[in-house]
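TrEMBL has this to say about the protein:
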DOMAIN    299-596  domain 'ABC transmembrane type-1'
DOMAIN    628-853  domain 'ABC transporter'
DOMAIN    984-1271  domain 'ABC transmembrane type-1'
DOMAIN    1308-1570  domain 'ABC transporter'
TRANSMEM  42-60  transmembrane segment
TRANSMEM  72-95  transmembrane segment
TRANSMEM  107-127  transmembrane segment
TRANSMEM  134-155  transmembrane segment
TRANSMEM  175-194  transmembrane segment
TRANSMEM  334-354  transmembrane segment
TRANSMEM  410-428  transmembrane segment
TRANSMEM  448-470  transmembrane segment
TRANSMEM  531-557  transmembrane segment
TRANSMEM  569-591  transmembrane segment
TRANSMEM  973-992  transmembrane segment
TRANSMEM  1107-1124  transmembrane segment
Amino acid sequence: MLPLVRELVCGSDSELLELGWRNRSSLPQVTNCGQHTDFSTIPTLFLVVFCPVLIYALYLSRNGPLRCYSPISLRIMLGSLLVVDLFLTVIYDLYLYFTQSPVFDYIHFYGDLVQLGGVCLALILTVACKNKGIITSGVLTLYWLLVIICGVPELRHYLSGYIYKEYNVDLCRSTLYIMAFALSGLELFLCCFADRPSNMYKKEKSCPEYTTSFINQLTFQWFSELAYLGNKKSLENEDLWDLNERDKAESLIPSFINNLKPEIEEYQQKIKKNPEEAVAKNYPSIFRPLFKTYKWTILAGGLYKLIFDLLQFLAPQLLKQLIGFIEDKHQPLWIGVSIVCCMFMSSFLQSMLLHQYHHKMFRLGMHVRSVLTTAVYTKALNLSNEARKGKTTGAIVNLMSVDIQKIQDMAPILMLFWSTPLQVSIYSQKVGSPKLQIFLSIYFLWKLLGVAVLAGFLVLILVIPVNGIIASQMRKCHQEQMKYKDERIKMMSEILNGMKVLKLYSWEKSMEQMVLEIREKELKVLKKLSYLNAGIVFSWICAPFMVSVISFVVYVFLDPENNVLTPEITFVALSLFDILRMPLAIMAMVYGEAVQCSVSNGRLKEFFAADEIPPNNRITHKNIDSAIHVENGSFSWSSKEDQTLHDISLSIKRGQLVAIVGRVGSGKSSLLHALLGEMHKISGSVQINGSVAYVPQQAWIQNMTLRNNILFNKPYDELDYEKVIKNCELKEDLAALPGGDRTEIGEKGINLSGGQKQRVSLARAVYQNPDIVFFDDPLSAVDSHVGKHIFENVISSATGCLATKTRILVTHGLTYLKHCDKVIVLKDGTISEMGTYQQLISNNGAFAEFLEEFLLEESKHRGRIVSVGEESGEVDELLRDLGQVSPGILQRLESHLSQESEREEKSARDFRLEFSRENSRKSVLLHSPTSKAEETEALLGAITEEDQTEEKEQLIEKETVETGNVKFEVYIAYFRAISISITILFFAAYVGSSMLGLMSNFYLAKLSDHAKSTTSSGNGSSSSIKTQLGIYAALGIGQSLVVCVASIILALGMVRASRLLHAGLLRNIMTSPMAFFDVTPIGRILNRFGKDIEAVDRTLPDVIRHMVMTIFSVISTLVVIMWATPFAGIVFSILAVIYFYVLKYFISTSRQLKRLESASRSPIYSHFQESIQGASSIRAFGVVDKFIKQSQQRVDDHLVAYYPSIVANRWLAVRLEMVGNMIVLSAAGAAVYFRDSPGLSAGLVGLSVSYALNITQTLNWAVRMTTELETNIVAVERIKEYTITPTEGNNSINLASKAWPEQGEIAIKNFSVRYRPGLELVLHGVTARIEPSEKVGIVGRTGAGKSSLTLALFRIIEADGGCIEIDGTNIADLQLEVFSRFLPKVITFFVQQLRSRLTIVPQDPVLFSGTMRMNLDPFTAYSELFIFPNRSKCHNSGDSQVWESLRNAHLEPFVKSLELGLQHHISEGGENLSVGQRQLICLARALLRKTKVLVLDEAAAAVDVETDSLIQKTIREQFKECTVLTIAHRLNTVLDSDRLLVLDKGRVAEFDSPKNLLANHDGIFYSMAKDANVV
């Protein structure tokens, strides 16, 4: 275009430079035509082309006008003066024209008009920027830069005329131009400063990025402040800037969700029409919505990459000119200097463009992570029950921690898929669209080598199918590896969630073996992947070299006489091949990333295709007369299962209290979930009128303060809050907590007792002040008098604070039923009866039958005589009510009672008293919490008055973040894990490959220098040329083979390191004491097993390989350049000091940011796990959107550390690449300056400069890989941190006999214990002796030490003084584990010496995902097939012991009714079983292992009264020869004990029979019994 303009304006005199410029010894002048056409048009044309970008920014801007005293005001003034100046110049031209002056020239007039137009447009845009608050404009800055650059030739022309008097100049025109140039220079100077809007308030921690100038942003100078701070101190979160508004999740999510929703809806409609369409290829796309959301960012990045690629092809042409300059000694020096300057400017522009491209693409990756994390979180909260069964928490965490990361990692290398030649070749074959690099490479190489270049590129085409096969195999391996990883993370999640139960059952070591078995499968796949990756590395390193060799061979042999490999041809061709070499060299990584991304994309697509809770299942809020109305409802837990509830019709009026009762498994909780919209609705309708709150059977507690758990995102109202605390009986608990209601509650409420958790859950529902409240048996976990208080003050229609609300209560407490407005009786998944309490008893139907069965079981198995009216307990009331309406039932009961009483030897009065006490179990409770009550103080620490409030409130320890340099020990630990010998061998291989590479290139330089002379003299022959090229090829192929061998060596070492690091981490975690898990969030531990292990498995091997490769490449480049031009070494020494100083000075910032980023990732996973576990509560309360906001905030908090870390890389790379550009300048400049030196040949110059041209890209990659190593080795540091934490049982050395304990005698001798060193004692000098087979109840008020004694018995906490002996053996001396071998299979086991010899039935029924058989006996220890492996037996006969335990636990009918029996799949946490059924499975475990010592921890809290009676009978019969310790949360469970151990404040207060203790009216036990209305 510009030559055309020049010809039109200037006519025949259209040259750009003055005539004879090639022969001038000084720099030639630009012609008058060139100055006023090309150089005047370029800035204006640039502004016209790119002003739409600025106009679009003006359109989007919501800022106020810029401040008047900002630099822009001065710029407007200068712009106005410049307009006046140029306007005067145009007037002067017109004056000359009309006066017909010979000085007038149309060329000047054209140039002045164009400049005036450009300046006027710039002034208009500047004024618009001021009014619309545009702080800085890259378009205007670049425009003024171009004005200055393009104005230099004309300025030189006028100054030369003035100074040297070589020619006459127009005084008026020159004066106006010099003024205009000065004003333009001031404009450019002022553009280097940012303006500020008048309404802009800059926060103290606001990110300065968008408040700085364009030049500042281009060079990332705005980051310097943080970089300097990072060098002075180790950065902390408080030092980081806030996230930019445009980077926050709330700004990003809406547009992405709007693009994702149509994809999901389209898929759902498709499978609704045809279920067979639910296949992987039809899953909703992830990439399409991402592209629609970020298309402009992607296109901008593509534009940067396009310009960068175009500039790359400029270097070979300049190299060609430079070699020509070296060979032609007659060319003037300024030509060489010009070539060198052009090379430097080309490299400089490439650096600026490349890092703007990287910055945009890394930011795109950050945005992708943000939106996908939120989308996965949102989807997880809305998964249907059917979909949830197939998506464990661990698997979904993997989606967030690994798969989204893989998608994010693709952003920076996205453009390589069209700019890298091989990828282009693959793509071109698919779509027939050749791309830029392949076209330009072929074009320039064709000009050099002719048709021979096609032979070289044939090699690339032949490599495609080979790599296609390898890539296909890698994809399969990645899918397999991710499957194993999901399985491993899922198991680890369940292990960590149930760690306390694992330790009590002594299952931890066997579980560890199961995890390691999965890990071995994963490592086997990883090893295969490493071999495949080595093949890819070999092909990509070998391919570009073979292309050049074959091209040269064909070129020479096509015409041996004329086709000579001169330096000009050889090294220009090599520089063109080198343009492809770096992308091809990293294509191994790109291929691997692409394959992993493809696998992750498939997993995410499958997840987003999963069913959500259908809209018709959710609560329908309608203005109806009833609060709840269900008509002909049938429900199931999934569309593929049989209906769980059927024929459900009910109508509940507003303000009613409705109870739901029934046996275990009858569908009580299911009915609540159906009303909440959690179940799949098969038919019927559910209508809810009003807001809803939900109190689940197992309280869901968040890791936050107790107050925030109650507020649940609702604003704090002091009056309402205090009422709720009082009504829910939490005042005393708050007083006991060190920080009051501001005490931090651990994950799953770990520092609260079961009763406290339930009351907090209840308080949460009450504080929400809903219209409808669903209670799922919340009173079963609290004391009787507390339950009574809660019922009266919260639930009761007469006196409760929710009296006006609609309340639906699932309960096993029969005494509450008479206070209900309606009772719903469920049987076999349907409503058998419904009415008031009196109506149901009068009906003499299912409800009366339910009560009668309960009382018959009591009479049959306990043989007690009760006369109506003698006692005021629960049973008496039931008997009285039944007697009034059905005398026949009463007669049958009395008959049974009389028959049983004849077998008893005690008095009738004793029987009556005992019967009354034992059968009022459900209403008579101790004022005592469950297993964790007394741990509160110990977990939170002994708090002194001087302690700060924050210390009192905090439980969860802040995650440790290392500071300063990564310790050398970390590197040593990693290299030791790899193996020192393998490490040395790996480095030696790369040294060898580098030496071979240098030898091949020096050989080629020598060959090219002598090729022409040899051919012209006739001394050479085709055979000698063939030999020379053969040697060159052998050296290159040898280099590739050595690199391949190095990759294989590294792969073997890395797999070894992965195995050892994971095994060490797992072993230490499994042997950590429970105190560690109390203060460490599960998400933090899972982060080690997920993200950090992934870094060790996949990231570190690639990083180390590429770092070593690039470091040796840099060394090779420096060696070649200094060999060619030794004087360049002086410059290099200075540059090396700058390089390493900058790297060392600022790398600490990047490293510490990576540490902070790693630490900030854990809360995302912890919150996610927490939310998944409480998803039903979150949906019931209608706070899904609020929890999504919380998740977004945690993602933003993570990005606060992540964003500066990616900017730090760019900041470093820009500065260090300037060093690389200076190397180019030094190498080329030295070659030009010393071209007459005798040892400097054209071949050496070509070799030296071709190496130097790649140094910037190599240095950039070296910086990136060095930083990546520094930041990713942090994963090893974090893993190592958890491999040196204290473990339990280190001081025990003795072994117990195989039969121990034989008697079950327990002697507690002056026993004291504390939870951690430095904390207060929780047991003080406890002394007691328990005889063999004695039944002892352990009772005491809150904080008495009951659970602490139990934990000490299992050595969950270690003794501080005294000891506990079982059958004369001090348990503290027993090893917690020893090795044992099973000889037939030579299998190694870890055998627990203590815990496996004791049995406990814990209060919390913990189940693991897997089969029913696995949950009962996970290691087939009780299978006859295991004990006698050579015996041929059927499956069922081998499980006879298991079936016996199920029979005794009253689960046999239920398990046999399951389609798969013992192989029935139990979902994560046992969610597909009721809580009562889970407790019965835990009882079956105890029955299966049946040891001489049994500990019962309220094992039947969630079962109905009838099942409880059966359980008590089973315990009495099956464990009659055992020593039984019962922790009495309910007083009645221990009244028939032989003796009661009463604890008070950690000391033994009383220890005697129940009868004697009740006789002591001054005793603690008597007062407790009196409080519970027992006496």
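Using the three backbone atoms N, Cα and C, a Cβ is placed for every residue, glycine included.
Remote same-chain partners of the transmembrane segment (334-354), defined as residues 6 or more beyond its termini with a Cβ less than 8 Å from a stretch Cβ, comprise 22, 24-27, 218, 304, 307-308, 311-312, 314-315, 318-319, 321-322, 325, 1214, 1217-1218, 1220-1221, 1224-1225, 1228-1229, 1232, 1235, 1249, 1253, 1256-1257, 1260. Contact between the transmembrane segment (107-127) and the transmembrane segment (42-60) is supported by 3 or more Cβ pairs under 8 Å, counting only residues 6 or more apart in sequence. Of the recorded ranges 72-95, 134-155, 175-194, 448-470, the transmembrane segment (42-60) has the largest number of C-beta contacts under 8 angstroms with 134-155. Within its own chain, the transmembrane segment (175-194) has Cβ neighbours under 8 Å at 71-72, 74-75, 78-79, 81-82, 85-86, 88-89, 92, 115, 135-137, 140-141, 144-145, 147-148, 151, 154-155, 158, 211-216, counting only residues six or more beyond its boundaries. On the 0 to 100 pLDDT scale, the domain 'ABC transporter' (1308-1570) averages 77 in the predicted structure.
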